[in-house]
Amino acid sequence: MNNYIKIWDVILNELSKIYSDEVFKETFSNIKKIKQIEEKIIISVETEFIKNKIYKMYFEKIKEINKLKFEEKIIIEFVSENNKKNCNFDNEKKHFENIKKELKNETEIFFCKIENNDEFKNNKHFRKNEIKQIENGYNDNINVEIENRKISFNKYNYGNTNPKYSFDNFVVGKSNNFAFKISKKIAEEKKVTTNPLYIFGKSGIGKTHLIQAIGNHILKNTHSSKKVLYVKADGFIEEFTNQLRKAKMEDFNEKYRDIDLLLVDDIQIMAGATRTQMEFFKLFDYLYLNQKQIVITSDKQASELKNIMSRLTSRFEAGLMVDIQSPDFNHRLNILKKKILEFEPQNTLKIKKDVLDLIASSFVNNVREMEGALLRLLNYAQTFGYDIDINIANEALELLIKSKKSVSYDEDVLEKIKLVVSNFFNISVRDLMSKKRQQKYTFPRHIAIYLIKELKDIPYNIVGSFFKRNHSAVFKAYQKIKKNSQSDYELKKSLELILKKINS
């Protein structure tokens, strides 16, 4: 017996040289007892989770050390304390009733051996399909090992993605096409080939939609039995902190490690949360080593994350990083049209183009804000019984648009555009910005408006505020130059020369 204890001590000593103190203590400090049965060492650990972890992550190394250090053939086996205990039906029923009180959705319960199968079958506590499963798989009056039994609860809230997010209702454009295609590819693949997927971009441009669409697609179309978990980073921090305080880390680990797809939104929120980052690092490595898919979103690329451990950011960078840019004007129009169809599926709601142009040009960098503005307008018109036109749109969205005007733009670039255009047409900046209606002033003014829109994608109403013109006048000026530049060679040449000077 002592010899076998010494053998295990030698193996432990070698493992401590290979793995960090943190990993070693977490996994191998939970050894309960060691016993010998002939040429076999049986090592008891506290939980089934720890046993499985050792087999998945460390057992090959243990066998390798065993072979190198000892000549005689020694078999090492791990068992968990809670799996060794046989429990009778009454105990199991009490356990089941306790779980029922605690949980509201679906969960998994691990049953011990049931000694009397007839008692099991005759008890109304179990459903018919469970009885049928026993009858089909086993004879009466034998021990039955039942694992991973599904009952009508879900302890860990797997499959918690919002069903409204799908690939079908995601509006694809140049700014998000690559991120969309990669996300769909990952959702459709049976094997993990891209891990992790790291999607970054400004707030409100579709990152959350995409990662939840991945989860929903997997749940609905491909692998419905897979466990999918969506969590925002702040929710992960709160949950980890609470479970740590309550000494329930085993539940926490069981929840997050027994999944097939982890979706983490806004990872940048973990900045400065050192303990949480350490826990997430361990979780990340566990899922990665076990070929479980990880998808992460952030408002910036991994190399720009502040106060996030470098060993985490390096793992993010080792995967596939894809960005989503702000949508261009036409893309924003398409998003608005899609949103209108969601609001009125019968397509009876007609909104004029100038109204959509106003919204699309006023909310440039945040799709969520733009959609919110549209919904405000639709509800405003519906509540008061108005037909939607440009006047009603301005009335309904006045405060929202005014707040957007406070956004700062690169004044140096705007000033340079005005100066270059004025010099090119040999007029003063003052005349360019004036309300003079002569052709020698209006044409250069229209050119300046067009270039500001093209180069900076600033909303029409804000461009109008620069020139003291309304939205409609600015829109017409832009469209006129854009249309004429396609057929007027001289105009096209002038625009190219002006652009060259601006960029020099």
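Placed from the backbone N, Cα and C atoms, the Cβ positions cover glycine too.
Here's what Swiss-Prot has on this protein:
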type    : residues                       : note
REGION  : 1-80                           : region 'Domain I, interacts with DnaA modulators'
REGION  : 80-159                         : region 'Domain II'
REGION  : 160-381                        : region 'Domain III, AAA+ region'
BINDING : GLY204, GLY206, LYS207, THR208 : ATP binding site
REGION  : 382-504                        : region 'Domain IV, binds dsDNA'
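Sequence-distant neighbours of GLY204 (ATP binding site) (same chain, six or more apart, CB under 8 Å from its CB) are ASN365, ASN366, VAL367, ARG368, GLU369, listed in sequence order. Apart from GLY204, GLY206, LYS207, THR208, the residues listed for ATP, the same chain places the Cβ atoms of GLY201, SER203, ILE205, HIS209, LEU210, THR297, ILE324, VAL367, ARG368 within 8 Å of the centroid of those Cβ atoms. The sparsest Cβ neighbourhood within 10 Å, among the listed binding-site residues (GLY206, LYS207, THR208), is found at THR208. Look at GLY204 (ATP binding site): DSSP puts it in coil.
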